[in-house]
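What TrEMBL records for this protein:
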type	residues	note
REGION	288-316	region 'Disordered'
TRANSMEM	6-24	transmembrane segment
TRANSMEM	36-62	transmembrane segment
TRANSMEM	93-111	transmembrane segment
TRANSMEM	123-143	transmembrane segment
TRANSMEM	163-183	transmembrane segment
TRANSMEM	206-230	transmembrane segment
TRANSMEM	245-263	transmembrane segment
């Protein structure tokens, strides 16, 4: 529980910072910012509900380890077992909702970078569908186990591979697509502006941020798999720590992305005629009237960039 509350404190702080920055930017002025604000708030409600259910479950099962339960008779223990089982099932379903919601945010973020690529959309949709099916099938199997064995049903972390593997594959695919977009954007800028241009554009910074954070998140999932595979005992402390931490890390990841992209947007400012993150990235074959955009590097000198743009409809 200590790990849970520690990560939840970090998650709550980052979520409130992200929502505050979105409010400062004006959520009514941008549909993208309004969407991100609702997503952040909804995810915060789900994560908080999970933590509350988990805490109440522990409060319910604490008396089962005391002499008072034995003295109260078997009927009292049956009532506690029934109530604790319901809370454990609800907790596990809420945990899986966190994974699905986090996965959906990752897919949506990548989807917006490829608005005209049907193949990418199909691939992302299949990944999200497969991971969602595996998550809820695992939840159903877990529910049957708890109903059969009671709230003391042993949770074998190896069975969680049904959830972990699809989530890892989905995030690897999404991260690879974002990395490809960052590389393509960088290459196109260098072709238009020269190889010596300083890559300080806001778009490039946010694409790099998305790529790096996605890689770190995938590494965390891979390390979780390694701990599960190489642990000889399911009661290993490292397994318990990962089991407690991963739901909060899954919630923390999109919250951090939203916070950092919002802060980056707040740093550069958002103007109607400024080229910023949008619903699409359009790559032009050359300079055309009405399609060229201007980026303002950090040195204060405007340079023309005709490779494409990302506007204000995707990220804040």
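Each Cβ is built from the backbone N, Cα and C atoms, and glycine gets one as well.
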In contact by Cβ distance (the transmembrane segment (93-111), the transmembrane segment (6-24); 3 or more pairs under 8 Å): no
Spatial neighbours of the transmembrane segment (245-263) far in sequence, C-beta under 8 Å, 6+ residues away: 3-4, 7-8, 10-11, 14-15, 17-18, 21-22, 25, 36, 39-40, 43-44, 46-47, 50, 95, 98-99, 101-102, 105-106, 109, 167, 206, 209-210, 213, 217, 220, 224, 277, 315-316
The transmembrane segment (163-183) and the transmembrane segment (93-111) contact flag, 3+ Cβ pairs under 8 angstroms: yes
Long-range environment of the transmembrane segment (93-111) - Cβ separation under 8 angstroms, sequence gap at least 6: 39, 42-43, 46-47, 49-50, 53, 120-121, 124-125, 127-128, 131-132, 135-136, 138-139, 143, 163, 167, 170-171, 174, 177-178, 210, 214, 247, 250-251, 253-254, 257, 314-315
Cβ contacts under 8 Å made by the transmembrane segment (36-62) with residues that lie 6+ beyond its boundaries: 1, 4-5, 8, 11-12, 15, 18-19, 22-23, 27, 80, 83-84, 87-88, 90-91, 94-95, 97-98, 101-102, 105, 151, 247-248, 251, 254-255, 258, 262, 315-316
